[in-house]
Every structure is written in structure tokens, then in C-alpha cells.
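Notes to accompany the following structure.
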């Protein structure tokens, strides 16, 4: 490659807030030149059905680069492709690396150059990297890729089909979805072959990409074996085949237009530290508004802001443990502090009918004991300190937390509403529990037999596929399993409970004899990409219902 060597990159992956322990991050970083990525076995049970990684590339000075959204995991050769694009200066040697014909006028080179420039910029744009879900060799070569997240790529109109080739001739490629006829000119220095795809949605939602490869030599054809060896290059380090990738490019930014013979330019505004990507409805209480922003920052941004006020379902609320809490009673507040379960406070009907949310006020003459208020202040500071030390904390969280603490009394002599400190403490306890749940246990502590105590919930279970001789990749994967007790009240917070099991659990709690006790079983599954060998051919298939993602009692 020409040009200076790229500074060490760090890729930080998060899946719905999944966080690596600092020790694990340090160990991985020392072995991968600063690249950190999660293998399939490391996905926590709380991951979405198709794991979605948010990859942030950081350069020197910890400067944020473009973020990538990856469906599945980012393989080492896929990361190497992105690094090669960013390092390229597009001289003859770089053109040979990507198999670009020197006399070719196709759109592949401009698309590669745009991708390289985009990878070197800062910003909030996102790039989708989709993995192969299925390949069919006869009667036509057909490639179908995994679906992106809902709404994630509907407005994107161009993609790069990246091949990691083995030995092969120069070919002319035609097919559905491609931008006209395209040429591939591999040499001994070629590591990647790239095709430009217009309107790539058909690669996952339609019939797939149908390709026809015609060697440049007159009368030559490629057999299926030659085609497989050419398009699915061998990874000598892992003794596997490297499958194609679909890199969906972000929309091009509008270019400045010239006026009166001169080029008028206007710089894009620098991204500022916004407390929330979407504006929140105005609140009469700055404390409640800031607390809402903190919760949203830690739980992840909403896909689309909505001002719709949702009504609570009385039937759903009836299934939760209920009780009256006198907020003027120090003993009741003390019991509330000892309980770290999520808390739902309902206002009176009169307050609920107000047009504006009512400010939070504590009772003016509440008999708050000095010891109780000191305990709230101490536990609040401890919870805030623990929250600040969480790895992977969003940068918007610390200033929001500092503002909330400033609005709360920190001892019995401080001014401020003591109920604010209590509400903030309960919120931090819930966020801390959810964040730790996303972290999960370390790899060394994982086993199929752990975690049987407690309510029905998703547990980690690794399945060995080496006994299935036809499966080449993966050798092991995280299948998960459901374990735990089914009891009333349900405490695994699964929204898929039916009335039937609710009645059974209530009967069981009353001591009624049941012929069959409710069982903890999977209620939702996700698929898995398997690469198998059949009749001396390698094929990739997306097999459904391979990974348990939710549990419930039935």
C-alpha cells in the first residue's frame, strides 16, 4: 500500500448496551492491534434476534470517526478491507489490491474513494455491513444477504459487494442490481474484488443478487468448482472460506454549488454535545426533564421521537405487586430504599388530568429523620460514583448526572426537595441493574449449569457443533437456554405472558394441585448462519430458530 501507515485503530462494539469488562478489553486489544470485536459466543442473552454492533472508529487523540452498524460480527478480513480502503492513495498498486482495471470507467473506483474519504471523517453517519445469508450456485449464481435493522437502509441507494477472492481470471460481470456491466481484473497482488450495486434492497428483501461471470478469454467458462474457489477465497489462518460482504454506503452529502463563477463554500456545523438527539416535550420540572434525558442516554436513543402519551393498561398493572407508600413516613421510605426492584409511581387522578406535568414536591412538613436523609445522600453518591465508572458510558451521561446531583440535597442541611434525591436514587439503582445485566458474566465464568436459581430467565448455553460433521462454521455457538422457577408474581418481565399461565401461577401460589406445573421454556428464537459441506460443495444457509432470545412460563 502507498502512503503513511494508518495509526492504530480502536473499534468499540456495543449491542444494545453490551459492555466488555476492562480486563477483557485490554487482553483483546493487545492481540488485535487495537481492534476489539465480539464473537458470536460473546453475545449476551439480551441481544436483539440478529446481533447489531455499533462500531466506532477512533484515531489519534481519541478523535471520533464514523460509526458502523454491523449485522452479526465484524470478521478480521472485513475489518482489513475497511482499513485498506482508508489507507489507499489509489495509485497502480492500490488499484491492483482491489482488482480495479486501470482502463475501466465503471463506478467502482469513485465509490471506493468515497468510502475511504468517509471513513476518515468525523460524524454521526452510519455504514451497514451485511453478511451472506444464502448462496445458490445452479442454475445461476445467487447471493442473498442478511436483512438490516428495520428502517435502517430504506434510503440508501448504493452498496459495494466485496469479494475476498482466490485465484481466478479477469472476468466481466453482469447481473440484477449491478450498475451496468463491470470488469474485475485480479492479479497476484489482489486481496479484494469490488462490484457496485445500485438500490441494494433486493439483495436481502427480494430474490437476491443474480450474477453472471464471463472470463475475458474467448470461449472460456468457469465451472462451479472454479467459481467457488474464485469468489470464496481461502483463509489460511483459520482454514475456512471468506464469504462476500455487502457494504451499504451512506447517502452522499450535497456538494456546494458555484455562484457567479466562484465556488461558494459553507462548512458543516461541528457536532456539539447535545443532551438528547431528539427534543423532549417541555416539562414544568427541570429535574424530571433532566432525569428523562439521562435514562434515555443510558438505555439508548429512540429510533423515532414521539410525543404520544401512552395510557397505562390497568389489566397489565394488576399483574404486578402493588402497595400504598406513604412518602411522609420515614419507615416506609426506609423499606423503599432496601428494595432495588423497578418502581412505578402513579399520580392521583386529579394530577393526571393536568395539561402540564406537575412538578415534584415533597411534603413540606414531612418527618424526614436526619439519619434517613443522610442514608439517601450517601447511597446516592455511591450509586452515582459507580455509574460514572461503568465502561462504555455514553459521553452525554456525566454532565446530566452532575446536573441532577446539583438539584438534589446532599445532606440534612442542604436545600432542595428530599424526594428528588429518593427518585434519583431509585432511577440509578434501576439503570445500574440493567447495565450490569447487559454486561453479563465473563467468558471464564460461563457454563451450562450455572444460573439455575432465581426466576425463569434466559441463561447462557454454548453448543458444540463439531459432532455435526456436515457443519464447517461455526464449531461452537451461543444457543442459550431457559432456566429458573415459574412462580407468582412473575419477575422475569417477559411481555409475552398469557392469561392461561397467569391463572396457573396464581393457583400454584395458593397451593392448588396441578397435573402439570408451569415450565420455563423459550418463547422467541433467532436464526444462525451455518456454513456446511454437502456433496463436496460448500454452502451457507441462514437456519431459523437456532438461538433462544426470550423465555417465559407456559
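Keep in mind that glycine also has a Cβ here, set from the backbone N, Cα and C atoms.
Lifted from Swiss-Prot, the feature list:
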DISULFID  456-520  disulfide bond
DISULFID  482-551  disulfide bond
DISULFID  486-553  disulfide bond
CARBOHYD  62  N-linked glycosylation site
CARBOHYD  326  N-linked glycosylation site
CARBOHYD  410  N-linked glycosylation site
SIGNAL    1-24  signal peptide
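Everything Swiss-Prot records as a feature, shown here on the structure.
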residue	record	DSSP (3 states)
456	disulfide bond	coil
482	disulfide bond	strand
520	disulfide bond	strand
551	disulfide bond	strand
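It is 6 Å from the Cα atom of residue 520 (disulfide bond) to that of residue 486 (disulfide bond). Around the Cβ of residue 486 (disulfide bond), the number of neighbouring Cβ atoms within 10 Å comes to 21.
On a Cα basis, residue 456 (disulfide bond) lies 7 Å away from residue 553 (disulfide bond). For residue 520 (disulfide bond), other Cβ atoms within 10 Å of its Cβ number 21. The most densely surrounded of the disulfide-bonded residues 551, 553, judged by C-beta neighbours within 10 angstroms, is 553. Neighbours of residue 482 (disulfide bond), defined as other CB atoms within 10 A of its CB across all chains, total 21.
Around the Cβ of residue 456 (disulfide bond), the number of neighbouring Cβ atoms within 10 Å comes to 23.
In this structure, the CA atom of residue 482 (disulfide bond) is 7 Å away from the CA atom of residue 456 (disulfide bond).
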